[in-house]
Amino acid sequence: MTVTVSTSKDTETKKSKQILSADTKENQQYVARLKHISFSYDGGKSWALQDLSLSIRSGEHLCILGANGSGKSTLGHILDGSTAPDLGRVELLGKVVCDSSKDEEHRVDPEAYRSARHNIGLVFQNPEDQIVTTVVRDDVAFGPENLGEPRPQIAQAVKDSLQQVDMLSQADHDPTRMSGGQQQRLAVAGNLAMHPTMIILDEPGAMLDSAGQRDMLDIMARLTLAGTSVIHITHRLEQARSADRVIVLDHGRIIAQGTPHAVLDGHQLPGLGMINTDISVSQQQLPASLANSEKSLQSELLQARGGQNTPTDMLGHVISLKDVAYQFPDSQDHALNHISLSIDAGETVAILGRNGSGKSTLCRVIAALLTPTNGSVSVTGIPIAIPNSKTPKKTRRRNLHLLRQRVGYVMQYPEHQLFADTVFLDVSYGPRNMGLTPEQVNHRVNEALELLGISDVANRSPFNLSGGQKRLVAIAGVLACKPQLLILDEVTASLDPQTSERIINMLEELHSQGVTIIMNTHADQEALRLADTAVLLDQGELSAQGPVEEVLKHYHSLLNSAAHRNTSPDSQSFPDQPLAQEALEDAPSQVTKNHSQRNSSAPLLLQELDPRAKMVTFVLAMVTAFCISKPLQLCLGLLVTAALFAAARFPIRRILTSTRIFLILIVLTSLLNLFITRTGNVLVDVGPLLLTDDGLWIAILYSCRFLIIILLGALLVETTTPTQITDALESLIKPLQCFGIHTNEIALVMSLALRFIPTLSQETHAIIEAQAARGGSIETGSLVQRLRAAVAIAVPVFASALRHADNLSMALDARCYEGGRNRSHYRLLSFNRQDYIFIGLMVLYVLSLIVLSVY
Amino acid sequence: MSMPSSDENKELYSNNTASHQSNSHSTGASRTGRWSTQRIAIYAMFVALTILVSFFSFPIFQMAPFLTYDPSGIVVLVAGFAFGPAAAVIVSVLGFLPHIFSDPFGAMISIVVALALSVPSAYIYQKIRTRKGALLGISVGAVAALIVAIGCNIIITPFYAHLSMQAVLHMIVPILLPFNVIKFTIHGVVTFLIYKPVSNLVNRSH
């Protein structure tokens, strides 16, 4: 180990590593040893872990299996060193970190914990919440920076760990626009860069589609090969196959352990059904078609019964889509294209497809939450989109109101929409918006709670329930509106088997009552059990339609080819989120190409400037633009702005389109200025219209001032990455440290905030939509109704922010963020000659403005 | 921008009883930083939310369509209620800082107004933790913000429109006053309705 640069922190880390390695020689074979540990969340009333002992050998791939509430995540937190047990002895990486036989003061050894955590990696379920910046390589560098490693070492670690997860070619991409699977691989890379001895993965595939899950299994296998100890926590039996050893937890105790073969085969494990087996079910394992045809026969009978209640169009379809296309406003690609589909009353239809294939968009179009850009849509007999015709606003509003009463929409992770103080109040939100009487509302709510088997929690706060119960409450909130058509977006995603089963039973019950059901799903078993027919979406188009088994076969061949693509270095899978749709058009390879093209052509002055020089001078130029008052000054200002655009070689048109709202505002205010100015020579005088040359000049002056300000601001933002902006901010506010202000931390807060805006934006829109689907609207209704709608949106939005904050703080801990003081920097800001020249020129410009105003 | 006092720290940690970070289970390792990772994460999310909702703007007063309402004031108020005056300061300043690149003076005014709104109210609610205290805090904050907002408008409007200071003064009663009264009333009412459920969420998860 060569020490090149060594800060005090650096040597400290090194020393602790050396001590560690000496220690591990003695206990070579174990990365973790737990002896008789017990853990309680409620001060001993109940035990999440009871008298548990476990030793994990170095280099072992251990899988911890357990149902929700079995204590497996708690065990994970004890192993990752983020929490200490109440009783027992914990030894991590050869060091005793916690021993309850010692007196209370010495029970926990914070220093030992800290140094152990530097060598323990953690990857958890939410892919997005583990990303801290908007550039892949910066994200990987975050951990080594926190450890205060010198720059060359960080650069090497970034390269090596990206290579290990096959993402080196995407080093400059924006991870917030990647698929969940890629984000999880990046999270692994972020941990690898800190050279962990052991990595803990807590349900890493829970929020991924099948291809993403395969990816994670593949990465884990590679880590084991490279000698890292891997601890995989999951409730999916089939994912345990590749482990060296499996332990099964139940009620905080280990109830079985051994090789995957010995543990998994032929045993009934508590709370771990084989329901979510979408990976292991291959085409051969699909149930016999006999069972299925019997089922469809049954559903035909039911259809005949229930179909009469649901309004349909003239051809008897509940839903009919003709050549529907949808394009997100900020994207050039179609999220949906050429979709024609008819669904009969009482039918259950499964929509299959990979993440990002347009499934969610299709659901939102059918629920009338999105208006298609092309094609016609009619749902429950109500036309919600007719091509080339504009429905009057009033008719449209009435249609929507009618539709909301007939169509229920359960968004992805519907528990995110919960807001009220009690379950009962939350579920009653929809029926109350429909204007039902209190008795009717009560009846509806009780019925819905009963259907989902959660009547016993009616008076509890929805936020105090378990994850599964929250999901059931949110679904009850939709069912209480008694929809004739129910649309569900991944309703069992990351749920435990028991709750999934309960939801499936509920859907079977609704189906028998004649409700038409449309469901997005990844799970084969779910589609096979529930659906009469299935459709497969691929890149926004219908690629198959028909009997569920047939469509599943197509789906699996699609997944297989995707998995092949994923294992190649330049893989690109499709992101799920609408905001990320743009990423489809900027395929990574293209971005890289653009990048290299840029580099090969003449240097782009503005992009290469130090961001501090740019930010300060631009803001100065923007502020002084307000002082422009003479024609010569204005000419100079416009000239300098044009010169800056030329230096950036940035197409001005792109900025004009991105700032068009401001531009419209400019035009309006300049018109105002034009007509309220009454001084000067009269040019036009027609009736009340009086136009003077002064007015004309004022209008031109004010609009040009704003144009300069807006163009400069936009140019600055376009030519500077968010990372550069926050780096510059950190450096610029550094002098404030003298006043006791934590400038590093503030800069980190700002950079994390910028990174999370798209995430929160997406969730906010989803919440607004979900509440709109339950009839809540801020724009219409009485003042009380509007306020209620505002609360129903605001509370879940804050809840979502707090949820992300929780996960993010876990991610910051996993990457060993220990305050800004001892951090090193992967990127260095340095002023060179061109920065000084640029600052000189800009100062000259400002001085000229001042001189011109005097003369 | 003032440094958060150690009192603040205690308050944030005292909310921590329910989580795995609670005292008996603490490993002590994540306390090495000056701000806990939790504090950083929470500030970041509230700043992000402020920036995000400050773009959800729409006119509310027909007399002056150029004056728009956005719900960002609610976020800074709630941040102050849930996490104290220091959080209110951080969120107010950082939450409007990005606007400096589109509207430098507007951004500065937004920061000053947000501070006037959230800091007094957070301070009062910290001292009087009851519904009355919340109401008092919101009212004092709203009045302070109203005065600051009108004062700033008088100074800044001549930069934006060809109006004399005199003309702007004439706009106070018919335009600026009613607009700002409506704006801060909406902020106040919504905050009053949601601060309790949100604080419960904070106490539950942290």
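Each Cβ is built from the backbone N, Cα and C atoms, and glycine gets one as well.
TrEMBL annotations: computationally assigned, not manually curated.
Keep in mind the model is a prediction, meaning the values are calculated, not measured.
Of the listed segments A:479-496, A:659-676, TrEMBL assigns transmembrane segment to A:659-676.
Residues of the same chain lying 6 or more positions beyond the ends of the transmembrane segment (A:696-717) and with a Cβ under 8 Å from any Cβ of it are 606, 614-615, 618, 621-622, 625-626, 628-629, 634, 637-638, 641, 644-645, 648, 650, 652, 655, 658-659, 662-663, 666-667, 669-671, 673-674, 677, 680, 683, 725. Listed by sequence, the residues of this chain that lie at least six past the ends of the transmembrane segment (A:659-676) yet keep a Cβ under 8 A from its Cβ atoms are 689-691, 695-696, 698-700, 702-703, 706-707, 710-711, 714. Within its own chain, the transmembrane segment (A:836-854) has Cβ neighbours under 8 Å at 605, 609, 613-614, 616-617, 620-621, 624, 627-630, 632-633, 636-637, 640, counting only residues six or more beyond its boundaries.
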